[in-house]
Amino acid sequence: MTAVAGRRAAVFGWARFGVLALFVVIFLIPIYVLLVTSFKPLTEADPGQAWNLPRVWTTEAWQVAWEKLAPGLWNSVLLAVPGSLLSCALGSMNGYVLSKWRFPGADVLFTLFLFGMFIPYQGVMIPLVQLLVSVDQLAGLQGVFYGGIPGLVLAHVVYGIPICTLIFRNYYVTIPDELIEASRVDGAGMLRAYWSVVLPVSGPAIAVVIIWQFTSLWNDFLFAVFLTGPTSWPTTVMLNNIAGAQATPYSQQMAAAILASVPTMLIYILLGRFFMRGLMAGALKG
Amino acid sequence: MRRARTWLPGLLLVTPSIILIGVFVYGMLGWNFRVAMTDQHDAVSEGRFVGLQNFVDIWDLPRWHLSVNHAIVFTVVFVLGALVLGWLLAFLMEKGIRGEGTFRAIYLFPMAISFVATGIVWRWLMNSGTGERAVGLNRLFEWFGLPQWQWFRDQDWGMAAMALPAIWQMSGYVMALFLAGFRGVPEELREAARVDGCTEWGVYRHVVLPLLRPVTLSALIILGHISLKVFDLIVAVSGKQIITDVPAVFMWVAVFDSNDPAKGATIASYIVLSVAIFVIPYLIWSVRKEKRS
């Protein structure tokens, strides 16, 4: 490389770095606003100080936001934890069969499953509401399936089957068939081979699926708004109600928004690697 | 064909999922379509079959035209914006750069937050107040001597502004897709093109970009189907205001405020159709491609 070309490459390298850094600043603007506003006292709410740091840092907005949001956060835990575990179990079994114990028509079935990943859920919402209402009536219950957490868990587990199956299937394809064959020769059946060969090496896929499902369940708004009622509202619906009320000051809105995002942000920071793999699976790539 | 004894247990194990998907995905899509073909326009009536009447009638509603136009503007700006920005970020990073991990983590983190939470900040940022009352971006623009905007309250360009938070949220994802695509191009191919006398630009033009086409297609499909059903973001930023109405919000209003299941189901059917039209060919194509390889 000549000296000129070397210098040009160096300049280009710095230019790239500069542009990327500029975008970092732009990407972080909303985060700056969230944090700074949430720590402001009501006395500093005037528009002229909108972008300033708080002169007096206070956590009063955080305390109010926590009190308002806490029931929703708890509902979201009750929703997201069982929901993601159930999705994981179903996805793992399906993925195992569709990669290692294929039956005639398995490919067609898999494609039919995949379409379930892309459907706009608006297209099933009205029948879903009607079905959950009738299940409640038939079982003599009130507000369990329609208007309760169990109904919301059911919806998320069912509509999570496609993506969870896809992630597990693409992961299990990489396990050599010989391992299954070997255990079969040893007399193991399908479930035995799953339990002793496949499940012990499933760790990464399980992590990806649980993180993916937990994040989608935690952040979901559409199903929640159609299927839950005041006692079972998860975080997102409560947050939207808090923020939608005219009287709620910006500081409380922002503090509530941060509180609502803490669990998924923590997952992203601590387990970003698995989070990424889930995202990539969404692009239909293994 | 192998004997049934070898594949039957597998089929049994996935049967619960087959039933669930059959009922909840395909059964309910069909059921929704059936509701859309009745005149069940209130909560109590049984609903008689009226064929495709609702699908035709809805085009008489000015609000429907508005929401369709909004969805189109939003989709064009969001999909192009996220695609271009994501591509640019990936392009700048693909040869490796100091602090790459940090850059990636920052561009991607909005993906981990709900649209409802980010919608709250963006509503503040895109506040339409001007002059003394300006907060958010308008206040910032004032300092830099830039014009102030109505943002999502703008008659014509409101939905383009509404696409900004969505671009912010999704372009990191597109970047990750493209970065994986760039890195998937074997170095030997680039080297071979250079040996053949290609300039660095030529290498991109003739070797790298053609190989990125499948990634671009995936990104288009993902962004497109998110865009056509956009709901959370709109509700979080502006609620049910007509000025930012889209089909998904209109459907919500039809079901809960107007208590009109048939109208809601009609809108929902249109949303499904708009997505299915390009997702189904894509799925068939990608499953076939995987089988070949």
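For all residues, glycine too, the Cβ spot is worked out from N, Cα and C.
The domain 'ABC transmembrane type-1' annotation in TrEMBL covers A:73-271.
Within the same chain, residues 51, 254, 257-258 sit at least 6 positions outside the transmembrane segment (A:12-35) and bring their C-beta atoms closer than 8 Å to a C-beta of that stretch. Marked as transmembrane segment by TrEMBL: A:12-35 (among others).
The annotation transmembrane segment is assigned in TrEMBL to A:73-97 (among others).
Below 8 angstroms of C-beta separation, residues 94, 98, 145-146, 151, 154-155, 159, 161-163, 165-166, 169, 222-223, 226-227, 282, 284 of the same chain, each at least six residues beyond the ends of the transmembrane segment (A:109-133), sit close to that stretch. Here TrEMBL flags A:109-133 (among others) as transmembrane segment.
The annotation transmembrane segment is assigned in TrEMBL to A:153-172 (among others).
According to TrEMBL, the feature transmembrane segment maps to A:193-215 (among others).
TrEMBL lists A:221-243 (among others) with the feature transmembrane segment.
What TrEMBL records for A:255-276 (among others) is transmembrane segment.
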Checklist entry - Cβ under 8 Å to the transmembrane segment (A:255-276), counting only same-chain residues 6 or more beyond its ends: which ones? => result 34-35, 38, 61-62, 64-66, 68-69, 72-73, 76, 80, 204, 207-208, 211-212, 214-215, 218-219, 235-236, 239, 242-243
Checklist entry - What parts of the chain pack near the transmembrane segment (A:193-215), using Cβ distances under 8 Å and only residues at least 6 beyond its ends? => result 80-81, 83-85, 87-88, 91-93, 95-96, 100, 156, 160, 163-164, 167-168, 171-172, 175, 179-180, 183-184, 263-264, 267-268, 271, 274-275, 277-278, 281
